[in-house]
Amino acid sequence: MFVLKTGLDLRLFHPLTFAIALKYGLNSKAHKFAKFVAILSTVGIAIGVAALIVDTSIMQGLQNRLKKTVLSDTPHLIVETQEDKLPSIMQLNHVMAAAPFVQAQTLMQSQNSLALINLQGLDDTRITYSKGYERKDLNLVAVPEKGSFELNAEAALYIRNDLKLNTDVKLISTINARYTPMGLTPTQRIFTLKKYYSTANSTALDCAVGNYDDVRRFFRMPSKVNSYRIWLTDPFVIDKVTPKIKEMGLNYTDWTSVQGEFFKAVAMEKLTMTIMLCLVIIVASFNIISALAMVVSSRLTEIAIFKTMGLSNMRILNIFLLMGIFVGVIGTAVGIVIGIPLTYYVSDFMSNTGSFGRLPVSIELANILIIGIGSVLMSLLCTLYPAVRAAVTDPVTHLSRG
């Protein structure tokens, strides 16, 4: 039973270590400057946690948006195979759908321009779905009808080449070119630009989508399907799927060969921002060392008395560990409470100012938990030194001085 002169009756609290830690944390008369430093540390942790939540939520939202836009016309996976092996591919984990597909670079000639484009042919009437998935899950652009020789192209292609809807363009390709008395003659065909779609494509070549049979005929390819476009549940699990494709002995190309460097740059920027904001939390957590060191220095006599009354070194250690955890938990909780609504406010503010448009936001529970747990653990680590110092205090030395 402990009743200290501060007026806080420790019989009201159990366990005792928690009661003493609470008393030292609330008592501002013993060392006002130590409490001031602890408050600064709490505020610093809260600011760091809030900023980290805003950063990770916006960067995650940006990454998710780029998945849908940049990878909307970039095949997740293209596999060269015959139709009889398609069921084996569809049984793989993370595979969502597959469809006959052909793709190649083509020269596009119009009245005003000459440009190299990425021409894709897709048969959306022969899409094979895995169980539980349907067309709306594919984020698929409109595919022209068979025999129309029409194209659905990126809006950027229209802008860069000063084109309009329903404009006829000549496509020229050297694939399966034929020798004539005039020499090697490339394949040529008139297509009509019928529709357009918006995308955040980061590649140098604009993309145009046509019907599979029309594009196949243009490239003079055989009617038998030998290439399939594969949609994955998440493009970022490509490393889990491609080893299985290799085991089947099939040739393939995936989206990382086209867009991989772009997404690596986005991931690197996200990591850099996260590290910079983590430093704010780390610096704030180090203030806990200063605050607790001052508390320990001013409480050495009391610690010695506790030891003579039977309090073990481990319980003394726990007292000051709890004090550091108090600071970390309070700062983290305040940071989370501030950070989540602040994330939506920043997005709305950017939208209202019209500077960058509405920022994409994706607040994920896993990210919040990682930030919160990491912040508390950092506070705990910074508490170890002063806590150990208090635990190894020699009661004889300090009582004799007292």
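Using N, Cα and C of the backbone, Cβ positions are placed for all residues, glycine too.
Feature annotations, courtesy of TrEMBL:
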type	residues	note
TRANSMEM	33-54	transmembrane segment
TRANSMEM	271-296	transmembrane segment
DOMAIN	275-391	domain 'ABC3 transporter permease C-terminal'
TRANSMEM	317-345	transmembrane segment
TRANSMEM	365-388	transmembrane segment
Residues sitting near the transmembrane segment (317-345): Cβ under 8 Å, six or more positions beyond its termini, same chain?
17-18, 20-22, 24-25, 38, 41-54, 57-58, 284-285, 288, 291-292, 295-296, 361, 363, 368, 371-372, 375-376, 378-380, 382-384, 386-388, 390-391
Please report, as numbers and ranges, the same-chain residues at least 6 past the borders of the transmembrane segment (33-54) whose CB is under 8 Å from any CB of it.
25, 274, 277-278, 280-281, 283-285, 287-288, 290-292, 294-295, 298, 327-328, 330-332, 334-336, 338-340, 342-343, 346, 363, 367-368, 371-372, 375, 379
From the DSSP assignment alone, can you count helix, strand and coil residues within the domain 'ABC3 transporter permease C-terminal' (275-391)?
101 helix, 0 strand, 16 coil
Do you know the mean pLDDT across the domain 'ABC3 transporter permease C-terminal' (275-391)?
85
